[in-house]
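What TrEMBL says about this one:
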BINDING   A153, D267, T271  Mg(2+) binding site
Amino acid sequence: MDTALISNEIKTIKSMSALSTDIHFVFYQPNFECTFDRAHNFISDMENKLSVFRPKSMVSKLNRYGSYIPVKVCPDVYNLIKKSLEYSKFSEGYFDITIKRLMDLWKEAKQKNQMPSKEEIELALTFSGSENVQLLQNYKVKLKNKAKLDFGAIAKGFIADKIREIFEQEGINSAIVDLGGHILTVGKKRNESLWKVGIRHPFKTRENIVGFLELGSTSVVTSASYERYFTIDAKTLSHIINPKTGFPAEDDIASITVVDTNSTFADAVSTALFAMGLKKAINFIQSKKTIEAVVVTSFREIYITPALAQRFTLCDSSFRVIKTNEVIVL
Ligand code: ADP
Ligand code: MG
């Protein structure tokens, strides 16, 4: 446990490793032990259920048997699938939990260091699409057409929303949680000031920011090309797949950050916008008035929705800030 005395008030950092990342809880108040334990247990439990890397997880079992028989899942996983289908519809299919077959294909391609063939991609695409997931009564789920599920783009958001619930139940009202690039802010900092959340600089090392947002209780979720990527034949490819083409997303977006009190929504939408590529993403943000986002492009531009623009401070003047309501992106 790491404690530091700041402005005569104790801040405590508690950390754990899970969900393939380091997770940090920063509490600006005492009596957080029980809360941390509950959150810790919840994260471990959800990882056991949702991980596609664990053969005994609920999702791995669903992927193995779900095409043949209805599989009963727990209420949390059932609700997560329900939300995923909702966000898939909202994002016009760009967020897609049936992406697993395509992920497997690209993983294999990476291992062989050889691009998949057109036929292989077309075949994997025929096994994808939310219409292949059926929610039945009694928490049962059936998969059609050999579809397989992957919650990599939404699990952290879902977990973050549950952590907020745990915090509310336990009376925690001044804390911040970092789930590996997925930030949850709770209440105000030391109950008085807004939180400053940095947007990472796309061309510099981890500690550098291109700007920061000043926010109250919310969540800040980023999908970025520099976070996780792979290479085939020396070509850099994104870990986010465009479900319309079956290919990794274009590289014109360096990072996309969505701010919303609903972390699950923010997680799904940030991935969907990344998968769309720059033009479509900006048009989509403009058409849906409900998304608050910061899009950092590979060409030193920052597209930002008007409400967030008021809360944003630029730290690198070589970037141009553009309000999404003031441009037409053709
Ligand atoms: P991160 O894992 O960096 O937080 P994301 O939330 O954007 O990033 O999720 C990326 C993961 O989601 C990928 O590793 C993969 O498992 C899955 N995925 C990739 N493309 C899509 C997509 N279009 N829709 C839903 N999930 C996706
Ligand atoms: Mg996501």
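Just so you know, glycine gets a Cβ as well, placed from its N, Cα and C.
TrEMBL does not curate its annotations; it predicts them automatically.
Shown on the structure are the features that TrEMBL records.
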| residue | record | Cβ neighbours (10 Å) |
| --- | --- | --- |
| A153 | Mg(2+) binding site | 25 |
| D267 | Mg(2+) binding site | 31 |
| T271 | Mg(2+) binding site | 28 |
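In sequence order, F95, G152, I154, K156, G157, V221, S223, A268, V269, S270, A272 are the residues of the same chain, not among A153, D267, T271, whose CB sits within 8 A of the CB centroid for the Mg(2+) site.
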